[in-house]
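Q: My questions all concern the structure below.
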Amino acid sequence: MAGKLCVSVIEARNLQADDFAEKNFYVKLRVASNEVKTDVVKGSLQPKFLKDCRLAVPLPETDTLRIELLQVGPRGDLVVGSDDLRILTITSRGTIVHWFQLRTASRSVSAELCLVLRYLSAGSHRPMSPTYAITARQAKERALEGSAGTQAPSSSAFRDLSSGTAGTSGRATTEKLVNGSGPLHTYGSTAGSPGTAASVSGHPGGARSPSAAGSSSATVGTPRPGNSGPPRRSGRANGDGRGGPTQVPLPLAVLGGMVVGALVYLWKKRPVYYEVQEDDTLCHIASCFKKRVEDVYQKNKALLKNPSRLYPGDRLRIR
């Protein structure tokens, strides 16, 4: 049965671009005869597209999402890399965040592209929860912060993407994303990757070898040649000539703590808004933010003449 695919193109990294062309890139998505393109991002090897797209899916059982990253060239656009995704593998998975490895014709990885995806069936008769919009917004914020730009990709976000079977874990995936423990918070993360402990301690598992421990203790305990006097103290000199740590006056410390506390309080009390997407309902929006429907309605009485009618693009105040 026909449906639609919601895709947010977030960012790309590790691009193997053509050196003879300008560093201008865009993404093209295609399902059957339906095609959309992002805007061209100029002058960056880590372009942030931040584009929301919707594609009609005539036959989700057989249709495929074609993903292409292109570089604008003087004699025509060059395909940096591409990938294919069977729509059937995501029809029951809810909202998904994944780094796709785009490959050249020789099957070598030429780029990585982060997408947020959600499939909505036309015959489900179930309103689409706002999880997709919330997840896409959070992914865009992470991309703008640049916190995941230099980290290694995560394979745990969507390990069974190419399994070819639609599982029944869509609801669980959606709940994890809302609760802040799902794939969104693992994309671009290097926690648990092989070699992390060895890079910290020089030995697998984080344990030092006896030779390393001995050499380390010998280095600490052996004085350097020529340093026969007592060790010097760091810090400013006091009135009597002795060095010591700098102390902050108590009133200043109390005032600083009060300012920090006030800033934290104001940050927690800041207003939070949500932009209504297609097929949203007030009940689903309230449940996603763990609020009562009556409370959300009371805060938006002036905008919502009828609580059962929401219009895409409306900004609802949640807090």
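Easy rule for this one: first residue shown is 1, then count along the chain.
Each residue, glycine too, has its Cβ placed from N, Cα and C.
Curation plays no part in TrEMBL annotations; they are all automatic predictions.
Annotation source TrEMBL lists domain 'C2' at 1-100. The region 'Disordered' feature in TrEMBL is assigned to 143-245. For 148-157, 187-199, the entry in TrEMBL reads compositional bias 'Polar residues'. The annotation compositional bias 'Low complexity' is assigned in TrEMBL to 162-172, 206-232. The annotation transmembrane segment is assigned in TrEMBL to 248-267. Feature annotation from TrEMBL assigns domain 'LysM' to 272-318.
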Q: Take every residue in the domain 'LysM' (272-318), average their pLDDT values, and give the whole-number result.
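A: A mean pLDDT of 84 is what the predicted model shows over the domain 'LysM' (272-318).
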Q: So, by DSSP, how many helix, strand and coil residues make up the domain 'C2' (1-100)?
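A: Taking the domain 'C2' (1-100) as a whole: 4 helix, 57 strand, 39 coil.
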Q: Report the DSSP secondary-structure composition of the domain 'LysM' (272-318) as helix, strand and coil residue counts.
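A: Residue counts in helix, strand and coil order: 14 helix, 6 strand, 27 coil.
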